[in-house]
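Trainee: Before I ask anything, here is the structure I am working with.
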Amino acid sequence: MGIQGGSVLFGLLLVLAVFCHSGNSLQCYSCPLPTMESMECTASTNCTSNLDSCLIAKAGSGVYYRCWKFDDCSFKRISNQLSETQLKYHCCKKNLCNVKEVLENGGTTLSKKTILLLVTPFLAAAWSRHP
């Protein structure tokens with residue numbers, strides 16, 4: 001890789017590092033008690049550093065909203081913590097992402113950061129091949 005290709009790669013990595021750095025804590029919807037299915041939780045909180053994702057879990061007619069540790073985002077851990085035997089859940093890592101629509105749609109969305117992380121190596125490889 002020539003000096004120009006290395007400079008371009010360094011520039012891309014620098015932009016990526018600045019873009020992905022987040023100095024603020026994650027913000028999630030959080031209600032101390034489960035809300036009725038027909039209602040939304042509108043209270044938000046800044047999560048502590050050890051709780052790195054937002055959780056929404058539907059169990060029966062109640063919906064739980066809170067900060068959650070992403071590594072603990074499994075049926076077993078969530079059902080044990082919430083004392084629920086049947087639930088549908090979703091964990092996410094974007095501010096205020098724990099909304100009922102993610103449970104209703106059942107899909108996982110890619111964030112802009114994820115897309116940038118996936119595209120950057122291809123762009124760097126393409127630019128390094130230019131003479």
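Heads up, the Cβ atoms here are built off N, Cα and C, so glycines get one too.
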Trainee: In Swiss-Prot's disulfide listing, C91 is paired with one of C67, C73. Which one?
Mentor: C73
Trainee: Looking at Swiss-Prot, which of C20, C28 bridges to C54 via a disulfide?
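Mentor: Disulfide partner per Swiss-Prot record: C28.
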Trainee: Going by Swiss-Prot, tell me which one of C31, C47 is disulfide-bonded to C41.
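Mentor: Disulfide mapping in Swiss-Prot sends C41 to C31.
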Trainee: Check Swiss-Prot and name the cysteine among C67, C97 that pairs with C92 in a disulfide.
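Mentor: Between C92 and one of C67, C97, Swiss-Prot records a disulfide, namely with C97.
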Trainee: Please identify, among the recorded positions C47, C67, C91, C92, N105, the one with the smallest Cα-Cα distance to C31 (disulfide bond).
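Mentor: Considering only the listed recorded positions, the nearest one is C67.
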Trainee: Where C28 (disulfide bond) and C47 (disulfide bond) are concerned, what is their Cα separation in Å, rounded?
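Mentor: Just about 7 Å between their Cα atoms.
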Trainee: Return the residues near C47 (disulfide bond), defined as same-chain residues 6+ apart in sequence whose C-beta is under 8 angstroms from its C-beta, sorted by sequence, else 'none'.
Mentor: S25, L26, Q27, C28, C54, C67
